[in-house]
Amino acid sequence: MAAHARRPPAALSPPCPPPALPVRLSARPSRTPLGVLGLGRGSARGLSRPLPGGLVVQGQWRRGASSQSGGAPGSGDANENAGELDFLSIIGALGMWLAYGASIYWTVLRPDAPGDPLWETSPRDVQAFINEAISVWYINPILAHFGWSILPDAPEHPVAEALFSTVMAFDVLLLPLIAGDPRGKNVEQRNALMIGSLFGLNLVVMPYMALRLQQPSTGVQKLDLPGWAPAAGYFGLAMAGMTLFWILFARPEYGGLMDRVAFAQQAFTGNRVFYALCTDCMFFAIFQAILMKGAPLRLRLIPFIGAALWLAFPNAWEESND
């Protein structure tokens, strides 16, 4: 009887992998305290960790992180921080809201600030504000000089008229900067805020500056200015020249240069509207420096004129990463 052939030993099968633990995946941001505060979209991003295979638990994985599916650590591009809301932005947004509340209290409500608080505003101050609005950008006084105006000329002190027109023109210069701001493109009702700023000035512009900080960074540093930005720059330059003329020479019945300087000093310390408009100019200068991404630093730090020059002649300046 032939011997039975010996069977080869069975091949060893690979060990079974351990059972995968159930992992709850969600596209919603985690319920962190920052998310509860609602500080912008993606406020909790960057707080979760990637799983093998590139899966993300309760959040999003920052671009450039390592994974088994490809991509070396640190291989992200210049936009690797896009979509994240960093701690400094949160602090900046809170600080901007606090500054907004403080500015309203100081310029409108505080009794011991220069001039009278809102509830004690005299009819004369209200009428002066209306007259300055009628004379905004010097259009009505010039037309009245030639007998072409529909409204009668309502003269106020030329320094007060010049300040009101300057603040309104400064707001116009900020409009293309806001329209091209990549950080604020997701701010709800941004166009409505831009239009409202023409009437509310800093009461509207500062909330936008706070809301833009509540949005995740886009990673884009350069403004995408609208096509009408040069027109705003030309307008600003024209207003700057006209304002200088108005302060020095308009309405000679109000005296010479020293008389006008004395009026400015007295109005700043005793007129609430004049004081509030000066405060708006100060904040607008700060916002100009923040929003003028890619502009030379020397232009960003020159209030009004720097923005007007950069908008009017955008190709005349080298881009800056300051």
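Easy rule for this one: first residue shown is 1, then count along the chain.
Placement of Cβ uses the backbone N, Cα and C atoms for every residue, glycine included.
Keep in mind that TrEMBL annotations are predicted by a computer and have not been checked by a curator.
As written in TrEMBL, here are the features:
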type     : residues : note
COMPBIAS : 11-21    : compositional bias 'Pro residues'
REGION   : 1-27     : region 'Disordered'
TRANSMEM : 87-108   : transmembrane segment
TRANSMEM : 162-180  : transmembrane segment
TRANSMEM : 192-211  : transmembrane segment
TRANSMEM : 231-252  : transmembrane segment
TRANSMEM : 273-291  : transmembrane segment
Non-local residues, at least 6 beyond the ends, that sit with Cβ under 8 Å of the transmembrane segment (231-252): 137-138, 141, 155, 157-159, 161-162, 165-166, 169-170, 172-173, 175-176, 260, 304-305, 307-313
Stretch among 87-108, 162-180, 192-211 sharing the most Cβ pairs under 8 Å with the transmembrane segment (273-291): 162-180
Long-range environment of the transmembrane segment (162-180) - Cβ separation under 8 angstroms, sequence gap at least 6: 132-133, 135-138, 190, 193-194, 197-198, 201, 205, 208, 223-226, 228-229, 232-233, 235-236, 239-240, 242-243, 246-247, 250, 274, 277-278, 280-281, 284, 287-288, 291-292, 303-304, 307-308, 311
